[in-house]
């Protein structure tokens, strides 16, 4: 019989291979962007455009879009998905009890554990949302990603082009990545067009730049069209304060499903994603830290208040029961 370590080895090797292969789309995008940079800067601006003023103006605007595109792209890639805090984990005793019980009894345990938590959504059957894999009560808008192997807060989708989950921690960066990649492509297509026509109609001599300029226009136009539809869709989601998951399946609350359950109005929905400081909306940086700082004490205070009311309720119930046991019989007997 093979040792357990040897049995686990194929699984770890497979997992390692999957993680390595997941970077192929990211490598592809970076190779295309790297080639586009060379084709535009070297082949078009340096070797093809004769006018220095036109050349400089193109290079300045191009590098502006290029920097913002790369910045937002890598922020989307490098931002670790946010996961539920330890408050949403079951206590050790509750976890052991949960694993032993039947489904109905398990729901009773989850309902008791969720009393002090800000959780309002339910499953389609009205049960408390719980992840058996991560062993946490799922906060609202949280879903388990099988690729990342974790529960992700406000999960939108897992994007292979960034090899990361798009959710609470990087959704703003993802939308900016789409915006700047679209601007990058449309700027390249617009400025290359006249030289594309000149090469195509043989107004310019056949040089090594011809292939790069012709191919650059086709690639930029193709990517622009595909990104435009995706960017428009996510702008619509931002305006509605929905995720891609919620757009296909409305979140279920205690009173039933509601596709607009998280909408705060268009302007507040935009602030939810881009932050309250408009001067930072166009930059892939965190702009809502004060809301996070204010949210944590608020949730803590709310939980403390709930615990106080629960304790008060228990004390009051105990005194009422004591009154019933000690004074009511005496009162009945005296009468």
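Glycine residues also receive a Cβ, built from the backbone N, Cα and C atoms like all the rest.
Please treat TrEMBL annotations as automatic predictions, because they have not gone through curation.
Below 8 angstroms of C-beta separation, residues 62, 66, 69-70, 73, 77, 147, 160-163, 188, 192, 212-213, 215-216, 219-220 of the same chain, each at least six residues beyond the ends of the transmembrane segment (21-40), sit close to that stretch. TrEMBL lists 21-40 (among others) with the feature transmembrane segment.
Sequence-distant contacts of the transmembrane segment (56-74) (same chain, six or more residues past either end, CB-CB distance under 8 Å): 29, 33, 37, 40-41, 44-45, 49, 162, 173, 176-177, 179-181, 183-184, 187-188, 191, 282, 284. The feature transmembrane segment is assigned by TrEMBL to 56-74 (among others).
DSSP places the residues of the domain 'Palmitoyltransferase DHHC' (129-248) in helix, strand and coil in these numbers: 68 helix, 16 strand, 36 coil. Residues annotated as domain 'Palmitoyltransferase DHHC' in TrEMBL: 129-248.
Residues annotated as transmembrane segment in TrEMBL: 173-197 (among others).
Per TrEMBL, the feature transmembrane segment maps to 209-233 (among others).
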